[in-house]
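Below: one structure, written as C-alpha cells.
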Amino acid sequence: MTVAAGIGYALVALGPSLSLFIAVISKKPFLILTLLSSTLVWLISLIILSGIWRAFLPLNSTTWWPFAILIFTSIASQEGLRLLFWKVYKRLEDMLDAFADRVSKPRLYLTDKMQIALAGGLGHGVAHAVFFCLSLLTPAFGPATYFVDRCSQIPFFLVSAIIALAFVTVHTFSMVIAFNGYAEGNKVDQLFVPSVHLAAGMMVIFYFCSHVYARPSCSVSEPYYVQ
Amino acid sequence: MESSILESIGQEIIGVMSPVSLCMLLVVLLVYSLSDSNPFSSSSAPIRTAANLVYLENPSDTTAQKLEGALLNALVFVILIAIVTFVLVLLYYYNFTNFLKNYMRFSAFFVLGTMGGSIFLSIIQHFSIPIDSITCFLLLFNYTIVGVLSMFSGGMPIVLRQGYMVSLGIIVATWFTKLPEWTTWVLLVALALYDLVAVLAPGGPLKLLVELASSRDEELPALVYEARPTVSRNEGNPRSTLGLLVAGVSDSGSVELQAVSNNNVRRDGAENRRSPEYTAIQVRNLENVEGERNRDEGERSPLVGHSRERYSSDSNSSEYSTVIHNRESETSVDEEMSPLVDLLGMDNEREHERRDSVVASRGIKLGLGDFVFYSVLVGRAAMYDLMTVYACYLAIISGLGCTLILLSVCHRALPALPISITLGVIFYFLTRLLMEPFVVGMATNLMMF
C-alpha cells in the first residue's frame, strides 16, 4: 500500500513531465540531450546556491524573512541563468542552422525552436521536482507517512508533490515563453516569466507566513532530515 | 514537411547513453531493494574479493586507517588488472585465439550462472517469489546458455546481445557495490586514472591491444557494448552525425571518431566522396583506414557481408565505430573468479564475431567495464540517498557526453572513465555536503522555488 502511495506521489509530481517526455522529447535525440544538459545546468546552479547558503543553515523556521531573502535570491539567480541559457541557445541555433545548410536539410522550424525551449524548460522543471520532491520521497515507500504541523491534514509528501508539480509547470512553460519573448523582442513576455516565477515563490512564502503567524500555537516541526 | 535535423543529431550519443542509463537504473533498483531487505545481515560478513585483498574495511577503524587500507586495496587491484591486461595482450599477440575464446565463454557462463544466480536468489528471497528449485535452476540455466550463445556467436539478434551485455554489467556492478565504502571510492578514482594511462600512454596495455587488433583488422578482443542501430528509426533519412556537427562548428576537418580501443575499423572511409576538408586520420596503425567521414549527408556505410543484423544502409551511415574503451577486465574480477580468467574469457568473443560481420565494428562502442563502474558509482550513491543518485547520474551522463564529443574531435580511442568518474565523484560529495542539507531544509519547510 505504501509503495503504491509512494509511486503515486512520484507520479503526481512527475507524471505530466513524463508524458510530455514520452510524447515530444523522446522521439528526438537532440531534445533528450538538451533536456539532460539543462537538468545538469540547473543542478549546478542549485549546488552553487546551496554552497552560498550553506553557512546560514539551518534557518530559523519560525521567521519568514530569511526564507524570503533566500527565495528571492534563488529566483533572481535562476532568471539570470535563463538569460545565460538563452545566449547559449542562440549560438547553438546558429550552429544547427549552419549544419542544416550543410546537409541540405531545412533549417529549424519555429516548432523546432519551441521544442528545444520546451526541452530546456522541462529539464529545469524535472530537476526541480527530482531534487525537491522525489529525493525526499524515499520514506514514503516505508510503512508510515509524515505530516508537518503546518499542514496537518495532508501528508507532507502529497503537499510537496503538488507544489513540485506546480513548479514543474512553471519552469517548463516559462522557458518556452521566455525564449519566444527573447526571439521576438517582446518585452511583455520577457517580463512575464520572471514575474510569474517570483509570484510563485512569493506564494510559497505567503503560505509559510500565513501558517506560522496565523497559528502560532502550532509550532513548526523540527527540520526533518531524511537520513 | 521534411523532417528536421533535430531528429537525426545525437542519435549515436543517445544510443550509448540509453543502455548506460538503463544499466544504472537497474543497479540502483537492485541495490535499493536488496539492501533494504536485510540491512544488518548482509553487511555482517564482508566478502573478500580481488578488490579488497589487502585491507578489510571495518566501520570502527579510524579515517586514516580506512584511507590507507583503501589506497592499498585500490593499488593492488589496479596492478592485478594491469597484469591481466598485459597477459591478455600477450595471448592475443601470440594468437591464442581458441584458448581465449573458450575461456571467455566459460567465464561468461560462470559470471551469469553463479553471480547472476546468487542475485536472482536474493531477489527471490526478498520478494518471496514462490518458485521451486527445479524451475529456478532450469530458468537460470536457460538464461545463462542463451546469454553465452548470444554474446559469443553471430546470428543472434543484436537486441539480445545488447541486453545480455547490459545484464552482465548489472550483475558485476551489483557485486561491486558490496565493497566497503572507502574502498569503492578510492578504487573508482584509481581505475579512472588507470584507464587514462592504459588507453592514452604509450605502451599502455589497452592501447597496445587496440593497436594490435586494428593492425590485424580484427575486432577488439574484449567485451564491448556496441551501439549499433538495430532499426533505422528516422524515416529513411540519412543520419547526420554529431561529429559532423562538431566538425562543422569547430572547423576541424576530420570528423571521424576513432574507435577508442582498436576498433577503428570504420569502413566508411572508403566512401567519403568529398574529402577536401577531411583528412583521413590514421589513428594508430597505418593499415587501418580510419574512416574519414564525409560530411555530406548521403553517406552510407558499406555494409558488406554483414550477416547479422539488417542494417538498412542509411541507418548506420553515420555511425562511428568508437570503442571508448574496453576494460572488461575489471568487471569480472570478483571473488570467485580470478581476474585473469574473466578478462581472458571475455576478450575472446570479439574475434569470433567479427568474422561474421565486417560491420560489427561500426557504431560507438563502449567497454563493458565502463558500464560496470558507472553503475558502481551510482549504486554506491544509492546507498546514501536518492539525491546523490540523481546528481551522480547527471554527472556521469554528461561526462560520457563530453567524452563522445571529444571522441569526435580527437579521432582516437579515448578512455571513457576519467571524465565521468571525476565528475561523478565531485558531484557526489558536493551534493552530499552542500546540497542535501540545503534542499532538505528547504523542502521540509515546503519552500520551493
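Count begins at 1; order follows the chain as displayed.
Each Cβ is built from the backbone N, Cα and C atoms, and glycine gets one as well.
Quantities reported herein were computed from a predicted structural model and do not represent experimental measurements.
Beyond the transmembrane segment (A:6-25), the same-chain residues lying 6 or more positions past its ends with a Cβ under 8 Å from any Cβ of the stretch are 31-32, 35, 115, 118-119, 122, 125-126, 129-130, 133-134, 137, 140-141, 157-158, 160-162, 164-165, 168-169, 172. Positions annotated as transmembrane segment by TrEMBL: A:6-25 (among others).
Taken from TrEMBL, the feature transmembrane segment applies to A:30-52 (among others). Within the same chain, residues 21, 24, 73-74, 77-78, 81, 85, 115-116, 118-124, 126-128, 131 sit at least 6 positions outside the transmembrane segment (A:30-52) and bring their C-beta atoms closer than 8 Å to a C-beta of that stretch.
With a cut-off of 8 Å between Cβ atoms, the residues of this chain six or more beyond the transmembrane segment (A:64-85) that come close are 38, 41-42, 45, 48-49, 53, 56, 120, 124, 175, 178, 193-194, 197-198, 201-202, 204-205, 208-209, 212-213. According to TrEMBL, the feature transmembrane segment maps to A:64-85 (among others).
With a threshold of 8 Å between CB atoms, the same-chain residues lying at least 6 positions outside the transmembrane segment (A:116-137) that come near it are 6, 9-10, 13-14, 17, 20-21, 24-25, 30-32, 34-43, 46, 78, 85, 89, 92-93, 108, 157, 160-161, 163-165, 167-176, 178-180, 226. The transmembrane segment feature in TrEMBL is assigned to A:116-137 (among others).
Here TrEMBL flags A:157-179 (among others) as transmembrane segment.
Among the features that TrEMBL reports, transmembrane segment is placed at A:191-214 (among others).
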